[in-house]
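Visitor: This is the structure I have questions about; it appears just below.
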Amino acid sequence: MEQKPSKVECGSDPEESSTRSPDGKRKRKNGQCSLKTSMSGYIPSYLDKDEQCVVCGDKATGYHYRCITCEGCKGFFRRTIQKNLHPTYSCKYDSCCVIDKITRNQCQLCRFKKCIAVGMAMDLVLDDSKRVAKRKLIEQNRERRRKEEMIRSLQQRPEPTPEEWDLIHVATEAHRSTNAQGSHWKQRRKFLPDDIGQSPIVSMPDGDKVDLEAFSEFTKIITPAITRVVDFAKKLPMFSELPCEDQIILLKGCCMEIMSLRAAVRYDPESDTLTLSGEMAVKREQLKNGGLGVVSDAIFELGKSLSAFNLDDTEVALLQAVLLMSTDRSGLLCVDKIEKSQEAYLLAFEHYVNHRKHNIPHFWPKLLMKVTDLRMIGACHASRFLHMKVECPTELFPPLFLEVFEDQEV
């Protein structure tokens, strides 16, 4: 025998369980919509504890289609409207069924009428096209908020103090006064002839070969390039205050790293060349066959990646200062003093990057990774130098070149 659902009590107010504002909308406590965790999942914080669905009395999960309802009634109402099912609903008991969490699935018509009676809004149910548009709008708003948050975080990041600005200006001027050709390097560079560096003749133990003509061309510019690195360091007060022994160790350790950085920031994607010492534009194979071997690839790749950073003179100068003041060089006496100097440059560097407000996400940590790349280039060159010294005629090496790169750690 079929069980007959209970009848609705006449005169009952289906909105008694909800609190409404004058405009008919459900009030949200404190206007908050954050989530809180319960044993049954996530529920909005504006719900009272154990608040019931206004349709069936089950535990409510949120504010759906203008009413506080459970997930079941929300889904039932949405499907009914989206698929236009309500004209097909019927009731065996004159539309007088009581709807609760036990009987709600027994009569679709009475359940739908209860949804309408408590105030669920049909016009808030979106069809597929509107739902896609809404989802797109939500994503756009989310992206907009993300960008606004990024801008706010950039604005809140500390910028250089007056003392740091002094440090920054000194480093910048030291770089500019020792950086050959300055900003005019493109107009003044000369391309190494294509026939130089294309016919390696001296074999190296690592399998590479060296073109002695190209090597000879590079040695002509290496001495002034080294001298400019030394001059840069001496213009930094923190460096000049160190003992001569520490100055020599730091210079020998960072010289190739700084020269590589100065070449890398003068990478030209149009000609795919690096400009050495501000005057000689060379191709990858020429630099490789001229003695640098695989080190050439590393410097070219660094140049390509740095081109996206759009570094200015100050950032290059501070990067050089950080490389110079490295405490892990063997034999240093004033390690603590050098470490404090590097920390001062790093902090000023970070604050200056904040001041510049680059558009690249995570610009600062990405830039610091280039320090690691340059340290690797320096280590690879030290190993390469040992092979070159054995295989190439000693008279081809300038005295300053030998003085700086001999006895380096590999």
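Note that Cβ sites are derived from N, Cα and C of the backbone, with glycine treated the same way.
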Visitor: Would you mind telling me which of 53-73, 116-136, 347-367, 389-409 Swiss-Prot tags as zinc finger?
Guide: 53-73
Visitor: Pick the one among the binding-site residues C53, C56, C73, C91, C107 whose Cβ has the fewest other Cβ atoms within 10 Å in this structure.
Guide: C91
Visitor: Are there any residues in the same chain, six or more apart in sequence, whose C-beta is under 8 angstroms from the C-beta of R228 (3,3',5-triiodo-L-thyronine binding site), and if so which?
Guide: T178, N179, A180, S277
Visitor: Going by DSSP, how much of the zinc finger (91-115) is helix, how much is strand and how much is coil, in residues?
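Guide: Split by secondary structure, the zinc finger (91-115) comes out as 8 helix, 1 strand, 16 coil.
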Visitor: Rounded to a whole angstrom, what is the C-alpha distance between C73 (Zn(2+) 1 binding site) and C110 (Zn(2+) 2 binding site)?
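Guide: Each residue's Cα considered, C73 (Zn(2+) 1 binding site) and C110 (Zn(2+) 2 binding site) end up 12 Å apart.
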Visitor: Measuring Cα to Cα, how far is C53 (Zn(2+) 1 binding site) from C110 (Zn(2+) 2 binding site) in Å?
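Guide: Cα-Cα, rounded: 15 Å.
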Visitor: So what's the average pLDDT for the zinc finger (53-73)?
Guide: 94
